[in-house]
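Colleague: Would you mind keeping the following structure in view while I ask a few things?
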Amino acid sequence: MKHRTILWPVSGLLAATVLAATPLAYGTSSTDTPPTASSVSSPSTAPTEGAVMAHMFQWPWDSVARECTDFLGPNGYDGVQVSPPQEHVVLQGEGFPWWQDYQPVSYQLDSRRGDRSDFSEMVATCNEAGVDIYVDAVLNHMTGSGSVESGPGSAGSEFEKYSYPGIYENSDFSECRADISNWDDPDEIRNCELLSLADLRTGEEGVRSTLTGYLNDLIDLGVAGFRIDAAKHVPPQDLEAIVSRLDGDPYVFQEVIEDSAISPAEYTGTGEATDFAYSEELSGTVRDGSLAQLKGINGTEALNSDQATVFVDNHDTQRNDPTLTYKDGDPYNVATAFMLAHPYGTPKVMSSFDFEDPESGPPAASNGMTSPANCEDEDWVCEHRQQPVAGMVEFRSVAAGSGVTDWWDNGNDQVAFGRGENGFAVFNRGADLSRTFQTSLPEGTYCDVASGSVVDGRCTGETYEIDTGGVLSASVASDSVLGLHVGTRL
Ligand code: LM2
Ligand code: CA
């Protein structure tokens, strides 16, 4: 496998200490409610086949709650990945960069996105709207050495690197106090420091208990699952030990960037793993226009479809390796719609804040608290609301259980395929396309979900006829998508 020079792969934890007995770890402000068994709402297990999640990157809790009610739930999104909720460093001198959040100071739920009660209300509101919350869990490390090496953090806690009063002390961190330098050595990748971030001894019982306590607290609040940040930098057996002690059966997907030393397959005993090979292949192929090469796309060899979390871009690749992002406009939507239509992996739709400088944080008040997010404000991109994206969310769920049928391509930049009797989609990165397609759809009039939706029984976009033989005559413009499924047969 390719060796990646990107700096954020994650791994290893071991620390020792203070256990769950530390009330500090759960927030101390007066609005905090202690976790109690009675507040447990049972978390869902792995998303069902056909489920789609949105990554509401850096969205504040109140705004996520509103979007769950207004759009995500009604449009069939099953889950949301939210940015890390724990206390983090505050780097005012650096303009509050987005990556503050990946330097935990404590496990109090008090961040630039809101406090514990905001978080808890968001979870309840989203759950009410049928949307699960998946928390980005930073377990590998605490803070780094940078411009600010000591507190206070976003909840007011004092700290220094390797010393987090009431939570971790020096002995809870890996012996290796140097940056990972040999990326061919799994031990180094897992037990030395990623980006000089204080590396937790996750093999140590006290550290495991503290991390389990944090995650179980979130589950108590109704959280349904976790993205494990920097999973590659944590020994798989440590993650397994931590996850096996969680309440209920949370959905877990682990951030593992495959390289010569570490395979995502090492992590599939604990949950899904991120499929970066799929992202590179999809994103690169759509960018180059050669869609025919996507026939049978199945990501990294190390993962099966039900073990892979897939995406076109994520918050790191859109900055470091921007093959395709929202900045590419229509081709980006073609890629996302393809991912949603094609039955591989558990798809994640990116939802970004607009940026020029890759370091910039989201729109914020002068104290660093993130400003409310909404899709009318162009600072928030809202890829998840783009019609060819949002329309294909329901397509995926309607098509669940049907494999790819009726594949057609022009050998180049135009492809079409069906999902048996349930759906049919066309993707065009070439010139305007007009032709007849053989589908397996039942006869009828269909609303194209890539151009509109059914409102009060009427299609707000284009409608198409499927004749008795399943034949479709359609015109699909350059850089656009057509999506028909039986849920929108008029
Ligand atoms: C991840 N996955 O494994 C996240 O997806 C990625 O966004 C995180 O990096 C990384 N792991 C650690 O959780 C980001 C960001 C880094 C930033 C770190 C920590 O991409 O640039 O590193 O968060 O805030 C920053 C500085 C870096 C410095 C480090 C420690 O950019 O130069 O290293 O803080 O002070 C000396
Ligand atoms: Ca580690």
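Think of each number as a place in line: the chain as shown, counted from 1.
A Cβ is built for glycine as well, from the same backbone N, Cα and C atoms used for every other residue.
Below are the features listed in TrEMBL for this protein:
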| type | residues | note |
| --- | --- | --- |
| SIGNAL | 1-20 | signal peptide |
| DOMAIN | 51-396 | domain 'Glycosyl hydrolase family 13 catalytic' |
| REGION | 354-375 | region 'Disordered' |
| DOMAIN | 405-489 | domain 'Alpha-amylase C-terminal' |
Colleague: Within the same chain, where does the region 'Disordered' (354-375) have neighbours whose Cβ lies under 8 angstroms from its own Cβ atoms, ignoring anything closer than 6 residues to its ends? I mean 6 or more beyond.
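Modeller: For the region 'Disordered' (354-375), the far contacts come to 56, 58-60, 62-64, 66-67, 71, 90, 92, 94-100, 112-113, 154, 319-320, 326, 381-382, 385.
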Colleague: So what's the average pLDDT for the domain 'Glycosyl hydrolase family 13 catalytic' (51-396)?
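Modeller: The predicted confidence over the domain 'Glycosyl hydrolase family 13 catalytic' (51-396), as a mean pLDDT, is 97.
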Colleague: Can you break down the region 'Disordered' (354-375) into helix, strand and coil residue counts using DSSP?
Modeller: 0 helix, 2 strand, 20 coil
Colleague: How do the residues of the domain 'Alpha-amylase C-terminal' (405-489) split into helix, strand and coil according to DSSP?
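Modeller: Result for the domain 'Alpha-amylase C-terminal' (405-489), in helix, strand, coil order: 3 helix, 47 strand, 35 coil.
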